[in-house]
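> Let me begin by handing over the structure; questions about it come next.
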Amino acid sequence: MFMGEFRHSLDSKGRVIVPAKFRKGLGDNFVATRGLDNCIFVYPMNEWKVLEEKIRQLPLTKSDARAFSRFFLSGASECELDKQGRISLPSNLRDYAALQKDVVIIGVSNRVEIWSQEKWDNYQQQAESSFENIAEEIVDFDI
């Protein structure tokens, strides 16, 4: 399970250090793709295979299912860590997530997300202001 928030810098070659806490969970090979909210989703290979199978089962007759499949899968890239624990992010994903220099890497249960620091800070500020309302609407956990 991935959790936590880490701030790092993207180097001139589009590489970013993956927090040591996440490296073991991601394994040697993993998949990065366009995520929701203009961030990058990063999945360990076992989680990716489960997700890919669910996408494969979407009905081809529905245009929304085809659009989602195309968007999600066409942006996917198999990645690996280098010896320094960095991931080299493809330019299409960096452009999609508007990654410049400062990035935020967060753990979200079964995946890792990579955000531009500016977008993450804005998103977090909005989410904090409405967290109680969101919790009332979607959470029924007694926490």
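Cβ atoms here come from the backbone N, Cα and C positions, even for glycine.
From Swiss-Prot, here are the annotated features:
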DOMAIN    5-47  domain 'SpoVT-AbrB 1'
DOMAIN    76-119  domain 'SpoVT-AbrB 2'
> What are the DSSP helix, strand and coil residue counts for the domain 'SpoVT-AbrB 2' (76-119)?
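So the counts come to 9 helix, 22 strand, 13 coil.
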> Grab the pLDDT values for the domain 'SpoVT-AbrB 2' (76-119) and give me their mean, rounded.
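Mean pLDDT across the domain 'SpoVT-AbrB 2' (76-119) comes out at 97.
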